[in-house]
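> Structure provided below as structure tokens; questions to follow.
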Amino acid sequence: MDRIVVRGNGPLNGKISISGAKNACLTLMPATLLSEEPLTLTNAPRLSDIRTMTTLLRSLGAEVQTMQDGKVIAMSSHQADNHVADYDIVRKMRASNLVLGPLLARHGHAVVSLPGGCAIGARPMDIHISALEAMGAEIELKDGYLHAKTSGGLKGADITLRFASVGATENTVMAATLAKGTTVLRNAAREPEIVDLVECLRKMGAEIEGEGTDTITIQGVDRLHGATHPVVADRIETGTYMLAPAIAGGEVELIGGRIDLLGAFCEKLDACGIDVTETPTGLIVRRRNGRVNAVNVVTEIFPGFPTDLQAQMMAVMCTAEGVSVLEERIFENRFMHAPELIRMGAHIDVHGGTATVTGVDKLKGAQVMATDLRASVSLILAALGAEGETVVNRVYHLDRGYERVEDKLSAVGAHIERVSEDE
Ligand code: EPZ
């Protein structure tokens, strides 16, 4: 198992290219199941989660080819006749549940393994299920699998989600594209990845309005055709690298980074003394003064502060001037990085969904353990500003969502390398 070794090395300077968004690509790929014609994605990120989705789609009978060093994914599911998403694949990646809606719409039935437990929370699928049931699906849980079927196909419905779940919005929108009649989806999630999905579905011939708002209207059509679509930039990768100069100093330009996708995050950066400037090719980030100010953060659905940047923000607050309170409102167990940051000398007090961080002058390098995707990158960020050497173990978590993190950070002057267990 690989580890990543980081030695704090002072200010960072240079450019980092932002990849396509993992969380957009993971919902765009299952859309291939909605048409018999080819769907090609460009600007795709090269991540282990994308490879898992590729394995899943191939197991359903789809052809999936990656080209141009993995940046182009060409898919065709004209022969996709299997409607069972197997536990052995689904347990590796929860987003596998995004095939449920498309399979049901395409075949009229689907058998999808429930993903099981997750480090950051229980993450049930009740909202997905009740939305699809409102469209006429019959769904029962048997042997750990959701067995879903329709008699005569899905039907348009007026649906209000009990919570603006990203995944439930994506599954329902995809299913509704081929349903009979109109679906009105209220309290829908507004994340940019959903906007990207809808833009792609529209290119495939879907009739959809309201993406990016809390009410999405889908007029079902008989069939969808093929399309080519560029994956939107990864706002969470962008936000993560914006915090590198906040911790280590210096100035970094994020090529392809987009401020408009980052909602409340940029306002928080401004409040803690981090300057963000848009450029023709992306955005430049630097600290305004020597030290970052402590700020309070509450994670929310888009356009609020993203939960996927909470761990990284905690790493910055560890050496900020003052006391900050971070409240995690989306997931019930998303402070696993705190005990690891404490091993590096941070002062953090966690009570339920609230963490109080008292800034210290400097963190110290240590052996730490990655527990989930965003927790792992927060440890790398913390190490960039720490004294001495930090060794981050179990970086397979990181590879799920960050493309070549050590290459991108060493390009701006970080001392970072990947070492495999037997080295
Ligand atoms: C997506 O997960 C992202 N994953 C997550 O990113 C992200 O943290 C999350 O949205 C919130 O922004 C992908 O897009 C692949 P939700 P998703 O359904 O769709 C509860 C990362 O780091 N809920 O909006 O699973 C749920 O338990 C990952 O890249 C139900 O109770 O998120 C959670 O507390 C982590 N019942 C909350 O809603 C349901 O049926 C938000 O979940 C569905 C969700």
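Heads up, the Cβ atoms here are built off N, Cα and C, so glycines get one too.
Note: TrEMBL annotation is automatic and uncurated.
Per TrEMBL, domain 'Enolpyruvate transferase' is recorded for 7-409. Residues or ranges marked as phosphoenolpyruvate binding site in TrEMBL: LYS22, ASN23. The feature UDP-N-acetyl-alpha-D-glucosamine binding site is assigned by TrEMBL to ARG94, ASP308, ILE330. According to TrEMBL, the 2-(S-cysteinyl)pyruvic acid O-phosphothioketal annotation covers CYS118. The active site, proton donor feature in TrEMBL is assigned to CYS118.
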> With H, G and I counted as helix, E and B as strand and the rest as coil, say where DSSP puts ILE330 (UDP-N-acetyl-alpha-D-glucosamine binding site).
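For ILE330 (UDP-N-acetyl-alpha-D-glucosamine binding site) - judged by DSSP and reduced to three states - the answer is coil.
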> Find the average pLDDT over the domain 'Enolpyruvate transferase' (7-409) in the predicted model and report it.
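Its mean pLDDT is 97.
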> How many neighbouring Cβ atoms, not counting its own, are there within 10 Å of the Cβ of ARG94 (UDP-N-acetyl-alpha-D-glucosamine binding site)?
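For ARG94 (UDP-N-acetyl-alpha-D-glucosamine binding site), the 10 Å Cβ neighbour count is 18.
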> What residues, ordered by sequence, lie under 8 A Cβ-to-Cβ from ASN23 (phosphoenolpyruvate binding site) and sit at least six positions away in the same chain?
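The list for ASN23 (phosphoenolpyruvate binding site) reads ALA95, VAL166, GLU191, GLU193, ASP234, ILE236, given in order along the sequence.
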> Please identify which of CYS118, ILE330 has the densest Cβ environment, defined as other Cβ atoms within 10 Å, among these recorded positions.
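Neighbour-count leader: ILE330.
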> In Å, rounded, how far does the Cα of ARG94 (UDP-N-acetyl-alpha-D-glucosamine binding site) sit from the Cα of CYS118 (2-(S-cysteinyl)pyruvic acid O-phosphothioketal)?
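With the alpha carbons as reference points, the distance is 8 Å.
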> I need the CA-to-CA distance for ILE330 (UDP-N-acetyl-alpha-D-glucosamine binding site) versus LYS22 (phosphoenolpyruvate binding site), whole Å please.
19
